[in-house]
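Report on the following structure.
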Amino acid sequence: MNSTGHLQDAPNATSLHVPHSQEGNSTSLQEGLQDLIHTATLVTCTFLLAVIFCLGSYGNFIVFLSFFDPAFRKFRTNFDFMILNLSFCDLFICGVTAPMFTFVLFFSSASSIPDAFCFTFHLTSSGFIIMSLKTVAVIALHRLRMVLGKQPNRTASFPCTVLLTLLLWATSFTLATLATLKTSKSHLCLPMSSLIAGKGKAILSLYVVDFTFCVAVVSVSYIMIAQTLRKNAQVRKCPPVITVDASRPQPFMGVPVQGGGDPIQCAMPALYRNQNYNKLQHVQTRGYTKSPNQLVTPAASRLQLVSAINLSTAKDSKAVVTCVIIVLSVLVCCLPLGISLVQVVLSSNGSFILYQFELFGFTLIFFKSGLNPFIYSRNSAGLRRKVLWCLQYIGLGFFCCKQKTRLRAMGKGNLEVNRNKSSHHETNSAYMLSPKPQKKFVDQACGPSHSKESMVSPKISAGHQHCGQSSSTPINTRIEPYYSIYNSSPSQEESSPCNLQPVNSFGFANSYIAMHYHTTNDLVQEYDSTSAKQIPVPSV
């Protein structure tokens, strides 16, 4: 297609006319360059629109359905209704408006497109774009309010949230309808470029003001959230101030110690001002108490408090990274269209470059709608993992690689050599393969085993696990480090040790390290016999 034909039909966008004194070969060269640039723009926009249609439709569809499927999640707060509204707007943009825009790209003017199609595209694109952006701005203001602690105990009621959503829909589509009615039928089927002069300019100016205000609100809000979280993370990195005072209750007080212990508190601010460390300390205490009557030492509570502080610091750091990603995505995806719209409002004559800029700006706005479910939803990490898994699976299919297993031998030699070794030889591998029953072995560093053959009853493991040095197997094959305090096994009773207590030292954070020892049925049989010998377990 000829790009000059686009510009002749588009208002405020005139082709680059060549003076009559120049030769015809320079004119043809310039037209050829314009055709090349326009073709590159079409190819780039088409590729991005294909990605938007696939990933954006998938992500928004999953997020939208999760609010109606009881097997997924439900509203944690009433304001989660805004996430539902955002997913619906973005789903319509990615699944309907983006394919319509792809159809518009490959036609020179609106004269070759049906009027009903062009009217529908005008209304849906301009309406859903500003509606999605307003919803993102409202979510940003709500999160900023929660982080700054403005009335943290008072959440928005469900009727108020619904009324706010209806107000956003009314304002957005009123402006979109006015802009659609003021379009010219003889120009390009683009929402903003086809506005006629006069009242069309006034509506376009109002649309630009609304668009710019929403972008500014989102950017400033998440910048303030990132600064607040960064300050909280810096404060938590300082050594905690431990004070003991049993006479009066203090904020951020720890779990009271039974049997004469003193409550422990820390002068550390929480992420939200209505949040303290009681819940975190409760999570930490559950992993190390065998019974409710067991005493908790002050050193153990102190270690739990330090672990809670480290967890909050890590969460603040991840939240800061998320805020930076949100700000960059908003600026990169919204600024090109905003600049082109401002240029259309301020100048009566456009240019070929401005027209290409506007096409690319609309594509980036649609691309932002495809990114929203991977950023704003509570299951965004799961969606990203699924997409990465699909990409890896496709890559393996292209390269025809065999799927690798998670267990790999770490010792010298191949598996056949290790399999043929006798039981008294030391292989120093991550796992041992032998047809003969082994009497001296433990689970490996690649993860705890939850199979039926490797499980021991809780009574046996509780009464006959000893801590001592082993002379046959290196200690590095017996320890499994975990770098998260969350339980990574299906059942806490089977995975957490029952005889290990936190050490009175700050050198090791025991909430981040778990020791898993499992034996096989051979150990169960040895326990039943009178001549059984217990396997010594190394101490930390």
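Using N, Cα and C of the backbone, Cβ positions are placed for all residues, glycine too.
Membrane topology of Leu84 relative to Cys189, as recorded in Swiss-Prot: opposite sides. Note on the transmembrane segment (121-141): residues 79, 82-83, 85-86, 89-90, 92-93, 96-97, 100-101, 104, 164, 168-169, 171-173, 175-177, 179-180, 183, 189, 191-192, 194, 207, 210-211, 213-215, 217-218, 221-222, 225, 330, 334, 362, 365, 368-369, 372, 376 of its chain, located 6 or more positions outside it, place their CB under 8 angstroms from a CB of the stretch. Listed stretches 87-107, 161-181, 206-226, 319-339 were compared with the transmembrane segment (47-67); the greatest number of C-beta pairs under 8 angstroms is found for 87-107. Long-range contacts of the transmembrane segment (87-107) within the same chain, counting only residues at least 6 positions beyond its ends with a Cβ under 8 Å from a Cβ of the stretch, are 1, 42, 45-46, 49, 52-53, 56-57, 60-61, 63-64, 67, 113, 117, 120-121, 124-125, 128-129, 131-132, 135, 189-190, 359, 362-363, 366, 369-370, 372-373, 377. Long-range Cβ contacts of the transmembrane segment (161-181) within its own chain (Cβ-Cβ under 8 Å, at least 6 residues beyond either end) map to 78-79, 81-82, 85, 119, 122-123, 126-128, 130-131, 134-135, 138, 191-192, 195, 200, 203-204, 206-207, 210. In the predicted model, residues of the topological domain 'Extracellular' (340-350) average a pLDDT of 79.
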